[in-house]
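First the structure, in the form of structure tokens, and then the observations on it.
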Amino acid sequence: MFITIEGIEGSGKTTLINRLSEYFSSRGEDVIVTREPGGCELGGLLRSLVLSSELGLTAESELFLFLADRAQHVSECIQPAIMNGKTVFCDRYADSTIVYQGYGRGMNIGKLWEFNEVAIKGIWPQKTLLLDIDVEKALERACIRNEALGLNIVEGRFESEPMDFHNRIRDGFLHWAGRNPDRITILNADTTPEDLFQQSVSVLREIV
């Protein structure tokens with residue numbers, strides 16, 4: 001089983017994915033938790049580049065760094081895990097490229113789809129959980145997290161984008177989910193971590 005978690009910065013993806021990992025592991029599933037960028041050795045190097053607030057990356061450079069990370073990540077981690085019958089939970093995946101670079105940066109979504117297909121070799125998740133939350137609340141969460149962990153410089157580039165960018169990302173995720181209703185389920189993330197976890201389990205029980 002391959003499940004991805006998507007959403008804007010500060011939507012609660014990491015907390016949820018850790019809860020889901022614990023839950024499905026306790027039910028006897030062989031679970032792998034991974035993320036993009038940074039789910040493989042190359043990805044760890046690329047993550048420091050693409051998320052740093054100190055580098056003036058162009059939109060095109062940003063895109064191809066994400067795609068390079070994804071191609072290596074799929075080949076090294078996701079595809080082997082799926083072939084070995086493991087349950088894979090991934091924090092961000094190909095949908096993030098469609099939304100951030102397409103709806104956010106204004107790139108051609110058709111082209112982004114084609115680039116993604118090369119990187120992922122046709123491996124799409126069985127289910128994607130989209131965590132939807134008010135932009136201001138989510139950014140407040142993200143900024144508090146980054147401040148507490150000392151990540152403002154090394155991983156704060158997207159959080160420092162203007163509010164209009166984040167609104168485009170939220171709207172883009174919702175629009176993209178509407179175009180892929182069978183795979184993407186929208187969850188209300190403006191709630192407690194426990195409620196969000198219960199929402200997620202209810203959805204995933206239908207495909208396990």
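Just so it is clear, glycine is given a Cβ too, placed from its N, Cα and C backbone atoms.
Not measured: the values here are computed from a predicted model.
Database features, via Swiss-Prot:
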- Gly7, Ile8, Glu9, Gly10, Ser11, Gly12, Lys13, Thr14: ATP binding site (BINDING)
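Secondary structure from DSSP puts Lys13 (ATP binding site) in a helix. The C-beta environment of Lys13 (ATP binding site), restricted to residues of the same chain at least 6 apart in sequence and closer than 8 Å, consists of Ile5, Glu6, Gly7, Asp91, Arg92, Leu131.
Taking the Cβ of Glu9 (ATP binding site) as centre and 10 Å as the limit, one finds 19 other Cβ atoms among all the protein chains shown.
What surrounds the ATP site, by Cβ distance within 8 Å of the Cβ centroid and not counting Gly7, Ile8, Glu9, Gly10, Ser11, Gly12, Lys13, Thr14, is the set Leu131, Ile133, Ala138, Arg141, Ala142, Ala189 from the same chain. Local packing around the Cβ, expressed as the count of other Cβ atoms within 10 angstroms, is greatest for Ser11 among the binding-site residues Ser11, Thr14.
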